[in-house]
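Here's the structure we're looking at; comments come further down.
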Amino acid sequence: MRTTEETEGFDGEASNTSMISGASSPYQPTTEPVHSMGGWRGLRWDVEYLKSYFGILKLVEVVLALIGFICIETIMMCSPCGGVYFFEFVSCSAFVVTGVLLIIFCLNLHIRVPHINWSLTDLVNTAVSAFFFLLSSLVLAFINHRTGAEIAAVVFGFLVTCVYGVNAFLAIRRWRLGSGCQGTTQSNEYIRARTASRGEMEARPELV
């Protein structure tokens, strides 16, 4: 029968042995965080964005820009062709850029890239697209050959200009509200920091 001292000594030796074996073991526990699987597995289709005002407007913009581009592509002969080429470039560019932004917002890819101000990006895209669609539609309206394709392109050009204008107005308001909330948050943090430092000075009068 072992005494208490022998039992304690045996336990100490066993713990030391386990520590040594654990240190020499190649399978050491790690303190590094286990990162979740990224890539395309975490993507999900955001139906709520498509139901929102911005999602609906972007979807309409993509459809109208595509229709305008198809209309202008059906023109076989033109002279002069400056207005046709200009409208073709604007409609194609707006369709591609707005379509990419629609996919990014629908798949929540903008959350994975927080370094970009997506509200400002959306505002710039809608404002620039509205301006160039208006300009190209006016040019095509004055320089055309009265064909059905050109008239249809002009009509869809003015329609998509109106949609882009509404989207730009809403984007400006959202951007202003976001900037105001950010400024208010920074002001509140500054006031809290000043109050905390003042309280610390009052608690420690020897620092004055």
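Any Cβ shown, glycine's included, is placed from N, Cα and C.
What TrEMBL records for 1-33 is region 'Disordered'.
Per TrEMBL, compositional bias 'Acidic residues' is recorded for 1-11.
Annotated compositional bias 'Polar residues' per TrEMBL: 14-33, in sequence order.
According to TrEMBL, the feature domain 'MARVEL' maps to 49-176.
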Mean predicted confidence [pLDDT] for the domain 'MARVEL' (49-176): 92
Secondary structure composition of the domain 'MARVEL' (49-176) [DSSP: H/G/I, E/B, coil]: 106 helix, 0 strand, 22 coil
